[in-house]
Amino acid sequence: MFGKRKDSKNKAMRDNEELTPWERQQLLREENIEKKQKKSKKILVSSNLVKFNGLRKRRLQKRVITLASIFGISAIISLYAILPVSRVSNIEIEGTDSQTKTAIIEASQVKKNESLFAVVPTKFLIRQRIKNDVATVKDVNISLKKNVVKFKVTEYDIVGYIQRKNTYYKLTSNGRELNVGQKATNGNYPLFLDFKKKTLLHEAAQQVGEMPKKVRFGISEIHSSPTKVNPKRVRLVMNDGNEVIGSIDTLATKMSYYPSMAKALGKKGVIDLEVGAYAYPYBK
């Protein structure tokens with residue numbers, strides 16, 4: 001075996017000896033190039049391996065950081081959820097009376113000791129429930145201060161009351177009726193009486209809402225007094241002792257003439273605004 005290797009080596013040496021100097025130089029050059037290529041491949045493979053290991057390490061670190069962050073945030077939320085500060089401690093309402101406050105709390109469905117996580121994401125729905133269920137609320141702003149829920153209310157004008165049995169319900173300028181009643185009226189608002197149809201009641205309330213406040217506050221009672229000719233006929237009892245006959249659909253416009261007509265009448269009487277406008281004293 002060793003003899004064969006020696007013979008091969010001797011043969012290669014003899015072959016080299018038979019080459020010209022230029023050919024030997026070319027052969028050496030090719031051998032050097034081949035060695036450099038092999039070395040370059042080794043370096044490239046080694047470099048790629050280092051890059052792959054580095055990329056793998058960075059991905060692993062990123063995954064560990066992500067998981068740690070998720071677990072950390074979950075732990076903080078879980079801890080916060082069991083603390084008293086995460087629950088509603090109080091409910092404050094600004095811009096309305098005690099009766100409407102009760103209605104707002106009921107409509108909001110927000111309760112003391114309820115989790116704030118149930119309140120914050122549903123603020124829009126709470127606002128819509130209040131506006132839909134509480135007739136006097138025109139708009140409501142909901143905010144949180146620490147763990148106190150605050151409602152800042154903007155209301156429609158109150159234009160009067162409707163009596164049902166022994167309970168009085170507020171009527172608003174948009175023609176709606178508050179669903180929470182009270183045992184007595186308050187404020188200088190007229191009482192709506194004898195209205196059998198809610199559509200006429202709400203239309204009358206809207207008309208009163210369009211009147212100047214000075215005229216509106218001069219009305220004591222508004223009676224539905226329909227006839228076959230005019231189902232929208234109403235009779236108004238004024239605080240100054242006069243009576244006004246009118247029609248719901250033109251009430252706001254024609255009542256603007258009332259102050260000057262009452263002054264021209266000179267004594268207590270009836271001002272008829274149903275068709276045209278004229279007045280006569282009671283003793284006529």
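Just so it is clear, glycine is given a Cβ too, placed from its N, Cα and C backbone atoms.
Taken straight from Swiss-Prot:
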TOPO_DOM  1-63  topological domain 'Cytoplasmic'
REGION    1-21  region 'Disordered'
TRANSMEM  64-84  transmembrane segment
TOPO_DOM  85-284  topological domain 'Extracellular'
DOMAIN    86-156  domain 'POTRA'
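For the topological domain 'Cytoplasmic' (1-63), the predicted model reports an average pLDDT of 61.
The DSSP breakdown of the domain 'POTRA' (86-156), given as helix, strand and coil counts, is 29 helix, 24 strand, 18 coil.
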